[in-house]
Amino acid sequence: MVTTLRQTDPDFEQKFAAFLSGKREVSEDVDRAVREIVDRVRREGDSALLDYSRRFDRIDLEKTGIAVTEAEIDAAFDAAPASTVEALKLARDRIEKHHARQLPKDDRYTDALGVELGSRWTAIKAVGLYVPGGTASYPSSVLMNAMPAKVAGVDRIVMVVPAPDGNLNPLVLVAARLAGVSEIYRVGGAQAIAALAYGTETIRPVAKIVGPGNAYVAAAKRIVFGTVGIDMIAGPSEVLIVADKDNNPDWIAADLLAQAEHDTAAQSILMTNDEAFAHAVEEAVERQLHTLARTETASASWRDFGAVILVKDFEDAIPLANRIAAEHLEIAVADAEAFVPRIRNAGSIFIGGYTPEVIGDYVGGCNHVLPTARSARFSSGLSVLDYMKRTSLLKLGSEQLRALGPAAIEIARAEGLDAHAQSVAIRLNL
(Lines of atoms letter the chains of each structure in order from A and count residues from 1; the text may use other names and numbers.)
(Lines give C-alpha, C1' and ligand atoms only; values in the text may rest on other atoms or scores of the structure.)
Protein backbone atom coordinates (compact mmCIF):
# COMPACT_ATOMS: atom_id res chain seq x y z
CA MET A 1 0.00 0.00 0.00
CA VAL A 2 1.40 3.38 -1.00
CA THR A 3 2.16 5.87 1.80
CA THR A 4 -0.72 8.30 2.41
CA LEU A 5 -0.35 11.49 4.46
CA ARG A 6 -3.43 13.53 5.41
CA GLN A 7 -2.98 17.14 6.41
CA THR A 8 -6.06 16.88 8.64
CA ASP A 9 -4.41 14.22 10.83
CA PRO A 10 -3.12 15.62 14.13
CA ASP A 11 0.30 14.03 13.62
CA PHE A 12 0.66 15.18 9.99
CA GLU A 13 3.60 17.50 10.66
CA GLN A 14 5.52 14.76 12.43
CA LYS A 15 4.83 12.28 9.62
CA PHE A 16 5.64 14.82 6.90
CA ALA A 17 8.96 15.69 8.56
CA ALA A 18 9.82 11.98 8.75
CA PHE A 19 8.84 11.59 5.10
CA LEU A 20 11.17 14.43 4.10
CA SER A 21 14.09 12.94 6.00
CA GLY A 22 13.59 9.43 4.62
CA LYS A 23 16.59 7.99 2.80
CA ARG A 24 16.08 6.36 -0.60
CA GLU A 25 19.63 5.24 -1.30
CA VAL A 26 21.63 2.59 0.46
CA SER A 27 25.04 4.21 0.74
CA GLU A 28 27.74 1.78 -0.20
CA ASP A 29 31.00 2.21 1.66
CA VAL A 30 33.12 2.30 -1.45
CA ASP A 31 35.52 5.15 -0.73
CA ARG A 32 38.53 2.97 0.12
CA ALA A 33 38.16 0.81 -3.00
CA VAL A 34 37.55 3.86 -5.19
CA ARG A 35 40.56 5.72 -3.82
CA GLU A 36 42.73 2.72 -4.66
CA ILE A 37 41.38 2.72 -8.24
CA VAL A 38 41.86 6.47 -8.64
CA ASP A 39 45.41 6.38 -7.26
CA ARG A 40 46.37 3.47 -9.49
CA VAL A 41 45.05 5.16 -12.65
CA ARG A 42 46.93 8.30 -11.67
CA ARG A 43 50.17 6.29 -11.32
CA GLU A 44 49.85 3.75 -14.13
CA GLY A 45 47.62 5.42 -16.73
CA ASP A 46 46.44 3.24 -19.61
CA SER A 47 47.70 -0.03 -18.11
CA ALA A 48 45.38 0.45 -15.13
CA LEU A 49 42.46 1.20 -17.46
CA LEU A 50 43.17 -1.99 -19.41
CA ASP A 51 43.24 -4.07 -16.24
CA TYR A 52 40.10 -2.62 -14.68
CA SER A 53 38.18 -2.90 -17.97
CA ARG A 54 39.09 -6.60 -18.22
CA ARG A 55 38.09 -7.13 -14.61
CA PHE A 56 34.85 -5.11 -14.41
CA ASP A 57 33.56 -4.88 -17.99
CA ARG A 58 34.96 -8.12 -19.43
CA ILE A 59 36.49 -6.28 -22.39
CA ASP A 60 40.03 -6.40 -23.79
CA LEU A 61 40.86 -2.79 -24.66
CA GLU A 62 44.17 -3.87 -26.19
CA LYS A 63 42.13 -5.50 -28.96
CA THR A 64 39.32 -2.94 -29.30
CA GLY A 65 41.31 0.18 -28.50
CA ILE A 66 40.39 2.65 -25.77
CA ALA A 67 39.10 5.27 -28.20
CA VAL A 68 35.88 4.78 -30.18
CA THR A 69 36.62 5.31 -33.88
CA GLU A 70 34.77 7.41 -36.42
CA ALA A 71 34.01 4.19 -38.31
CA GLU A 72 32.23 2.82 -35.24
CA ILE A 73 30.15 5.96 -34.99
CA ASP A 74 29.31 5.70 -38.70
CA ALA A 75 28.18 2.11 -38.07
CA ALA A 76 26.04 3.29 -35.16
CA PHE A 77 24.23 5.71 -37.47
CA ASP A 78 23.65 2.87 -39.93
CA ALA A 79 22.23 0.67 -37.15
CA ALA A 80 20.01 3.35 -35.60
CA PRO A 81 16.38 3.69 -36.76
CA ALA A 82 16.08 6.79 -38.95
CA SER A 83 13.02 7.95 -37.02
CA THR A 84 14.95 7.86 -33.74
CA VAL A 85 17.84 9.81 -35.25
CA GLU A 86 15.38 12.46 -36.45
CA ALA A 87 13.81 12.64 -32.98
CA LEU A 88 17.26 13.10 -31.44
CA LYS A 89 18.01 15.89 -33.94
CA LEU A 90 14.77 17.64 -32.94
CA ALA A 91 15.72 17.31 -29.27
CA ARG A 92 19.25 18.59 -29.96
CA ASP A 93 18.00 21.65 -31.84
CA ARG A 94 15.51 22.58 -29.11
CA ILE A 95 18.11 22.11 -26.36
CA GLU A 96 20.56 24.26 -28.32
CA LYS A 97 18.09 27.10 -28.89
CA HIS A 98 16.94 27.21 -25.28
CA HIS A 99 20.44 27.08 -23.85
CA ALA A 100 21.69 29.78 -26.24
CA ARG A 101 19.37 32.16 -24.37
CA GLN A 102 21.34 31.46 -21.19
CA LEU A 103 24.61 32.83 -22.55
CA PRO A 104 25.76 35.64 -20.24
CA LYS A 105 27.02 39.00 -21.47
CA ASP A 106 30.32 40.59 -20.55
CA ASP A 107 29.96 43.80 -18.56
CA ARG A 108 32.26 46.80 -18.21
CA TYR A 109 31.47 50.21 -16.79
CA THR A 110 33.06 53.28 -15.19
CA ASP A 111 31.85 54.41 -11.78
CA ALA A 112 31.61 57.93 -10.37
CA LEU A 113 35.28 57.94 -9.32
CA GLY A 114 36.42 56.95 -12.77
CA VAL A 115 37.24 53.38 -11.72
CA GLU A 116 36.61 50.82 -14.44
CA LEU A 117 34.95 47.59 -13.30
CA GLY A 118 33.48 44.65 -15.10
CA SER A 119 33.33 40.95 -15.68
CA ARG A 120 34.24 38.71 -18.59
CA TRP A 121 32.85 35.24 -19.30
CA THR A 122 34.93 32.48 -20.86
CA ALA A 123 34.20 28.83 -21.57
CA ILE A 124 35.99 26.02 -19.77
CA LYS A 125 38.58 24.64 -22.19
CA ALA A 126 37.87 20.90 -21.79
CA VAL A 127 35.09 18.96 -20.06
CA GLY A 128 34.49 15.26 -19.51
CA LEU A 129 31.06 13.68 -19.82
CA TYR A 130 30.42 10.42 -18.00
CA VAL A 131 27.69 8.27 -19.56
CA PRO A 132 26.60 5.14 -17.66
CA GLY A 133 26.50 1.85 -19.51
CA GLY A 134 23.85 -0.85 -19.45
CA THR A 135 20.20 -0.01 -18.78
CA ALA A 136 20.95 3.61 -17.82
CA SER A 137 22.76 4.40 -21.08
CA TYR A 138 20.45 7.09 -22.42
CA PRO A 139 21.13 9.13 -25.58
CA SER A 140 18.95 11.94 -24.22
CA SER A 141 21.38 12.39 -21.32
CA VAL A 142 24.25 12.75 -23.78
CA LEU A 143 22.41 15.62 -25.48
CA MET A 144 21.46 17.26 -22.18
CA ASN A 145 25.03 17.21 -20.87
CA ALA A 146 26.90 17.94 -24.09
CA MET A 147 24.76 20.59 -25.79
CA PRO A 148 25.13 23.27 -23.09
CA ALA A 149 28.90 22.72 -23.27
CA LYS A 150 28.80 23.16 -27.03
CA VAL A 151 26.71 26.33 -26.71
CA ALA A 152 29.08 27.68 -24.05
CA GLY A 153 32.00 27.32 -26.45
CA VAL A 154 33.91 24.48 -24.76
CA ASP A 155 36.77 23.52 -27.10
CA ARG A 156 36.99 19.85 -26.17
CA ILE A 157 34.09 17.66 -25.02
CA VAL A 158 35.27 14.19 -23.99
CA MET A 159 32.83 11.33 -23.39
CA VAL A 160 33.58 8.16 -21.44
CA VAL A 161 31.15 5.25 -21.49
CA PRO A 162 31.65 1.68 -20.26
CA ALA A 163 31.28 -1.12 -22.80
CA PRO A 164 30.30 -4.21 -20.78
CA ASP A 165 31.18 -7.33 -22.78
CA GLY A 166 32.25 -4.97 -25.56
CA ASN A 167 28.76 -3.58 -26.13
CA LEU A 168 27.99 0.10 -26.71
CA ASN A 169 24.51 1.54 -27.22
CA PRO A 170 24.62 2.82 -30.83
CA LEU A 171 22.17 5.62 -29.99
CA VAL A 172 24.61 6.97 -27.40
CA LEU A 173 27.26 7.22 -30.12
CA VAL A 174 24.74 8.86 -32.46
CA ALA A 175 23.78 11.42 -29.81
CA ALA A 176 27.44 12.15 -29.09
CA ARG A 177 28.17 13.02 -32.71
CA LEU A 178 24.96 15.07 -33.01
CA ALA A 179 25.98 17.06 -29.93
CA GLY A 180 29.52 17.73 -31.12
CA VAL A 181 31.40 15.48 -28.69
CA SER A 182 35.09 15.60 -29.62
CA GLU A 183 36.38 12.27 -28.29
CA ILE A 184 34.75 9.06 -27.02
CA TYR A 185 36.48 6.42 -24.88
CA ARG A 186 35.05 3.00 -23.96
CA VAL A 187 35.96 3.10 -20.29
CA GLY A 188 33.68 3.46 -17.28
CA GLY A 189 33.52 3.41 -13.52
CA ALA A 190 35.82 5.17 -11.09
CA GLN A 191 38.75 4.47 -13.42
CA ALA A 192 37.18 6.61 -16.16
CA ILE A 193 36.70 9.52 -13.75
CA ALA A 194 40.34 9.25 -12.68
CA ALA A 195 41.48 9.19 -16.32
CA LEU A 196 39.51 12.35 -17.06
CA ALA A 197 40.89 14.11 -14.00
CA TYR A 198 44.56 13.13 -14.21
CA GLY A 199 45.01 11.99 -17.80
CA THR A 200 46.62 8.84 -19.21
CA GLU A 201 48.75 8.13 -22.27
CA THR A 202 45.55 8.03 -24.36
CA ILE A 203 43.13 10.34 -22.55
CA ARG A 204 44.19 13.94 -21.99
CA PRO A 205 42.87 15.47 -18.74
CA VAL A 206 39.88 17.82 -18.61
CA ALA A 207 39.00 20.71 -16.30
CA LYS A 208 35.49 19.62 -15.27
CA ILE A 209 33.54 16.35 -15.15
CA VAL A 210 29.76 16.06 -15.51
CA GLY A 211 27.26 13.24 -15.77
CA PRO A 212 25.54 10.66 -13.56
CA GLY A 213 26.82 7.31 -12.35
CA ASN A 214 26.69 4.67 -9.65
CA ALA A 215 28.15 4.84 -6.13
CA TYR A 216 31.69 4.21 -7.44
CA VAL A 217 31.44 7.01 -9.99
CA ALA A 218 29.99 9.40 -7.39
CA ALA A 219 32.78 8.57 -4.94
CA ALA A 220 35.41 9.09 -7.63
CA LYS A 221 33.94 12.48 -8.50
CA ARG A 222 34.14 13.50 -4.84
CA ILE A 223 37.77 12.34 -4.65
CA VAL A 224 38.98 14.21 -7.76
CA PHE A 225 37.02 17.39 -6.96
CA GLY A 226 39.53 20.18 -6.53
CA THR A 227 41.80 18.80 -9.21
CA VAL A 228 38.81 19.23 -11.52
CA GLY A 229 35.35 20.72 -11.11
CA ILE A 230 32.27 18.51 -10.98
CA ASP A 231 28.61 19.20 -11.65
CA MET A 232 26.71 17.51 -8.81
CA ILE A 233 26.26 14.21 -7.01
CA ALA A 234 22.80 13.21 -8.24
CA GLY A 235 20.46 10.84 -6.44
CA PRO A 236 17.46 8.84 -7.67
CA SER A 237 14.88 10.66 -9.78
CA GLU A 238 11.70 12.14 -8.29
CA VAL A 239 8.47 13.87 -9.26
CA LEU A 240 5.86 15.77 -7.27
CA ILE A 241 2.52 16.24 -9.02
CA VAL A 242 0.10 18.79 -7.59
CA ALA A 243 -3.22 17.98 -9.26
CA ASP A 244 -6.90 18.78 -8.82
CA LYS A 245 -9.84 16.45 -9.43
CA ASP A 246 -10.49 17.81 -12.93
CA ASN A 247 -7.48 15.89 -14.26
CA ASN A 248 -7.75 12.53 -15.97
CA PRO A 249 -6.53 10.01 -13.35
CA ASP A 250 -4.90 7.90 -16.08
CA TRP A 251 -2.77 10.85 -17.18
CA ILE A 252 -1.53 11.55 -13.67
CA ALA A 253 -0.89 7.84 -13.06
CA ALA A 254 1.17 7.65 -16.25
CA ASP A 255 3.28 10.61 -15.10
CA LEU A 256 3.89 9.01 -11.69
CA LEU A 257 4.99 5.77 -13.34
CA ALA A 258 7.28 7.61 -15.77
CA GLN A 259 9.45 8.40 -12.75
CA ALA A 260 8.94 5.07 -10.99
CA GLU A 261 10.27 3.05 -13.93
CA HIS A 262 13.66 4.80 -13.72
CA ASP A 263 14.88 3.14 -10.57
CA THR A 264 13.61 1.15 -7.59
CA ALA A 265 14.71 4.14 -5.47
CA ALA A 266 12.88 6.73 -7.62
CA GLN A 267 10.05 8.61 -5.93
CA SER A 268 6.63 9.62 -7.28
CA ILE A 269 4.37 11.83 -5.14
CA LEU A 270 0.81 12.98 -5.76
CA MET A 271 -0.50 15.99 -3.83
CA THR A 272 -4.23 16.72 -4.11
CA ASN A 273 -7.15 18.02 -2.09
CA ASP A 274 -9.60 15.33 -3.24
CA GLU A 275 -9.44 11.85 -1.72
CA ALA A 276 -11.72 10.26 -4.33
CA PHE A 277 -9.44 11.57 -7.08
CA ALA A 278 -6.40 10.23 -5.21
CA HIS A 279 -7.99 6.76 -5.06
CA ALA A 280 -8.78 6.93 -8.78
CA VAL A 281 -5.14 7.74 -9.53
CA GLU A 282 -3.92 4.88 -7.32
CA GLU A 283 -6.23 2.47 -9.15
CA ALA A 284 -4.95 3.75 -12.50
CA VAL A 285 -1.37 3.22 -11.33
CA GLU A 286 -2.13 -0.41 -10.45
CA ARG A 287 -3.75 -0.99 -13.86
CA GLN A 288 -0.91 0.60 -15.80
CA LEU A 289 1.87 -1.07 -13.81
CA HIS A 290 1.16 -4.41 -15.42
CA THR A 291 1.51 -3.00 -18.93
CA LEU A 292 5.11 -1.81 -18.45
CA ALA A 293 8.27 -3.56 -19.60
CA ARG A 294 9.90 -2.40 -16.36
CA THR A 295 7.02 -3.56 -14.14
CA GLU A 296 9.25 -4.85 -11.34
CA THR A 297 11.28 -1.64 -11.08
CA ALA A 298 8.22 0.63 -11.20
CA SER A 299 6.29 -1.54 -8.72
CA ALA A 300 9.12 -1.49 -6.20
CA SER A 301 9.54 2.27 -6.54
CA TRP A 302 5.81 2.97 -6.11
CA ARG A 303 5.44 0.50 -3.25
CA ASP A 304 8.51 1.60 -1.28
CA PHE A 305 8.75 5.32 -1.99
CA GLY A 306 5.53 6.47 -3.67
CA ALA A 307 3.25 8.77 -1.69
CA VAL A 308 -0.12 10.50 -1.76
CA ILE A 309 -0.40 13.72 0.24
CA LEU A 310 -3.95 14.95 0.88
CA VAL A 311 -4.08 18.68 1.61
CA LYS A 312 -7.03 20.72 2.86
CA ASP A 313 -6.74 23.10 -0.08
CA PHE A 314 -4.16 24.05 -2.68
CA GLU A 315 -3.07 27.10 -0.72
CA ASP A 316 -1.57 24.60 1.73
CA ALA A 317 0.15 22.74 -1.10
CA ILE A 318 2.55 25.61 -1.85
CA PRO A 319 4.61 25.60 1.39
CA LEU A 320 4.62 21.79 1.40
CA ALA A 321 5.88 21.70 -2.20
CA ASN A 322 8.61 24.18 -1.29
CA ARG A 323 9.70 21.96 1.59
CA ILE A 324 9.81 18.88 -0.65
CA ALA A 325 11.91 20.82 -3.21
CA ALA A 326 11.32 18.18 -5.86
CA GLU A 327 13.54 17.57 -8.85
CA HIS A 328 10.43 17.69 -11.08
CA LEU A 329 7.25 19.55 -10.10
CA GLU A 330 4.10 19.19 -12.19
CA ILE A 331 1.35 21.71 -11.45
CA ALA A 332 -1.94 20.46 -12.89
CA VAL A 333 -4.56 22.69 -11.29
CA ALA A 334 -7.12 25.16 -12.67
CA ASP A 335 -4.87 28.23 -12.42
CA ALA A 336 -1.45 26.63 -12.65
CA GLU A 337 0.29 29.86 -13.67
CA ALA A 338 -0.72 31.51 -10.39
CA PHE A 339 1.24 28.83 -8.52
CA VAL A 340 4.50 29.34 -10.36
CA PRO A 341 5.70 32.64 -8.80
CA ARG A 342 5.15 31.16 -5.33
CA ILE A 343 7.33 28.10 -5.89
CA ARG A 344 10.82 28.82 -4.62
CA ASN A 345 12.25 25.30 -4.55
CA ALA A 346 12.00 22.97 -7.56
CA GLY A 347 14.47 21.71 -10.13
CA SER A 348 12.04 22.23 -13.00
CA ILE A 349 8.34 23.18 -13.10
CA PHE A 350 5.89 21.72 -15.62
CA ILE A 351 2.85 23.94 -15.94
CA GLY A 352 -0.61 22.60 -16.78
CA GLY A 353 -2.08 19.22 -17.62
CA TYR A 354 -0.65 19.15 -21.14
CA THR A 355 2.95 19.46 -19.92
CA PRO A 356 4.01 16.01 -18.73
CA GLU A 357 7.47 15.91 -17.23
CA VAL A 358 8.53 13.43 -19.93
CA ILE A 359 8.49 16.23 -22.53
CA GLY A 360 11.15 17.91 -20.40
CA ASP A 361 13.14 14.68 -20.37
CA TYR A 362 13.47 14.69 -24.13
CA VAL A 363 12.27 17.48 -26.40
CA GLY A 364 11.07 20.43 -24.31
CA GLY A 365 14.43 22.20 -24.55
CA CYS A 366 15.02 22.73 -20.83
CA ASN A 367 17.73 20.61 -19.26
CA HIS A 368 16.80 17.36 -17.57
CA VAL A 369 19.92 17.24 -15.38
CA LEU A 370 18.38 18.56 -12.17
CA PRO A 371 19.03 18.68 -8.42
CA THR A 372 17.59 15.74 -6.47
CA ALA A 373 17.04 14.82 -2.81
CA ARG A 374 15.80 18.31 -1.83
CA SER A 375 18.96 19.98 -3.15
CA ALA A 376 16.76 22.28 -5.27
CA ARG A 377 16.65 24.34 -2.06
CA PHE A 378 20.17 25.54 -2.86
CA SER A 379 21.13 24.46 -6.38
CA SER A 380 19.97 24.57 -9.99
CA GLY A 381 19.77 22.31 -13.00
CA LEU A 382 22.60 22.02 -15.50
CA SER A 383 22.99 25.06 -17.75
CA VAL A 384 25.42 26.88 -20.01
CA LEU A 385 26.82 28.62 -16.91
CA ASP A 386 28.11 25.27 -15.61
CA TYR A 387 30.55 25.27 -18.53
CA MET A 388 31.66 28.87 -18.13
CA LYS A 389 33.57 30.94 -15.62
CA ARG A 390 33.47 34.64 -14.80
CA THR A 391 36.60 36.75 -14.43
CA SER A 392 36.40 40.13 -12.68
CA LEU A 393 38.01 43.19 -14.28
CA LEU A 394 39.31 46.28 -12.45
CA LYS A 395 41.27 49.28 -13.72
CA LEU A 396 42.43 52.38 -11.86
CA GLY A 397 44.48 55.36 -12.95
CA SER A 398 46.64 57.48 -10.63
CA GLU A 399 43.69 59.69 -9.69
CA GLN A 400 41.51 56.75 -8.75
CA LEU A 401 44.32 55.18 -6.72
CA ARG A 402 44.74 58.43 -4.78
CA ALA A 403 40.99 58.44 -4.08
CA LEU A 404 40.71 54.82 -2.93
CA GLY A 405 44.23 54.04 -1.69
CA PRO A 406 44.11 55.55 1.81
CA ALA A 407 41.05 53.45 2.75
CA ALA A 408 42.75 50.30 1.45
CA ILE A 409 45.86 51.12 3.51
CA GLU A 410 43.72 51.68 6.60
CA ILE A 411 41.98 48.31 6.28
CA ALA A 412 45.24 46.46 5.51
CA ARG A 413 46.93 47.87 8.63
CA ALA A 414 43.87 47.05 10.74
CA GLU A 415 44.21 43.46 9.55
CA GLY A 416 47.93 43.42 10.36
CA LEU A 417 48.98 42.98 6.73
CA ASP A 418 51.83 45.45 6.31
CA ALA A 419 52.85 44.29 2.83
CA HIS A 420 49.30 44.85 1.64
CA ALA A 421 49.42 48.41 2.94
CA GLN A 422 52.86 49.00 1.43
CA SER A 423 51.67 47.80 -2.01
CA VAL A 424 49.40 50.84 -2.16
CA ALA A 425 51.42 53.29 -0.09
CA ILE A 426 54.54 52.89 -2.24
CA ARG A 427 52.58 54.07 -5.26
CA LEU A 428 51.24 57.09 -3.38
CA ASN A 429 54.59 58.01 -1.77
CA LEU A 430 53.01 57.62 1.67
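Each Cβ is built from the backbone N, Cα and C atoms, and glycine gets one as well.
Annotated in Swiss-Prot:
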type: ACT_SITE; residues: Glu327; note: active site, proton acceptor
type: ACT_SITE; residues: His328; note: active site, proton acceptor
type: BINDING; residues: Tyr130, Gln191, Asn214; note: NAD(+) binding site
type: BINDING; residues: Ser237, Gln259, His262, His328, Asp361, Glu415, His420; note: substrate binding site
type: BINDING; residues: Gln259, His262, Asp361, His420; note: Zn(2+) binding site
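Swiss-Prot feature annotations superimposed on the structure.
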residue	record	DSSP (3 states)
Tyr130	NAD(+) binding site	strand
Gln191	NAD(+) binding site	helix
Asn214	NAD(+) binding site	coil
Gln259	substrate binding site	helix
Glu327	active site, proton acceptor	coil
Asp361	substrate binding site	helix
Glu415	substrate binding site	coil
His420	substrate binding site	helix
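Within the same chain, the residues at least 6 positions away from Tyr130 (NAD(+) binding site) whose Cβ sits under 8 Å from its Cβ are Met159, Val160, Val161, Gly188, Ala192, Ile193, Leu196, Ile209, Val210, Gly211, Pro212, Gly213, Val217, listed in sequence order. If you count neighbouring Cβ atoms within 10 Å for each of the binding-site residues Asn214, Gln259, the highest count belongs to Gln259.
In the structure shown, the C-beta of Glu327 has more C-beta neighbours within 10 angstroms than that of any other entry among the recorded positions Glu327, Asp361, Glu415.
Neighbour count (other Cβ atoms within 10 Å of the Cβ, all protein chains): 23 for His262 (substrate binding site). Highlighted in sequence order, Pro132, Val160, Pro162, Gly188, Gly189, Ala190, Ala192, Ile193, Gly213, Tyr216, Val217, Ala220 have their Cβ within 8 Å of the centre of the Cβ atoms of Tyr130, Gln191, Asn214, the residues recorded for NAD(+), and are not part of that set. When the binding-site residues Gln191, Gln259, His262, Asp361, Glu415 are screened for a Cα within 10 A of the Cα of Glu327 (active site, proton acceptor), none qualifies.
Here the C-alpha separation of Gln191 (NAD(+) binding site) and His262 (substrate binding site) works out to 25 Å. Under 8 Å, Cβ to Cβ, and six or more positions away along its own chain, Ser237 (substrate binding site) finds Gln259, His262, Asp263, Ala266, Gln267, Glu327, His328, Thr372. His420 (substrate binding site) sits 47 Å from Asn214 (NAD(+) binding site), counting Cα to Cα.
Distance from the CA of Asn214 (NAD(+) binding site) to the CA of Asp361 (substrate binding site) is 20 Å. Between the recorded positions His328, His420, the minimum number of other C-beta atoms within 10 Å of a residue's C-beta occurs at His420.
Cα spacing between Glu415 (substrate binding site) and Asn214 (NAD(+) binding site): 47 Å, rounded to the nearest whole number.
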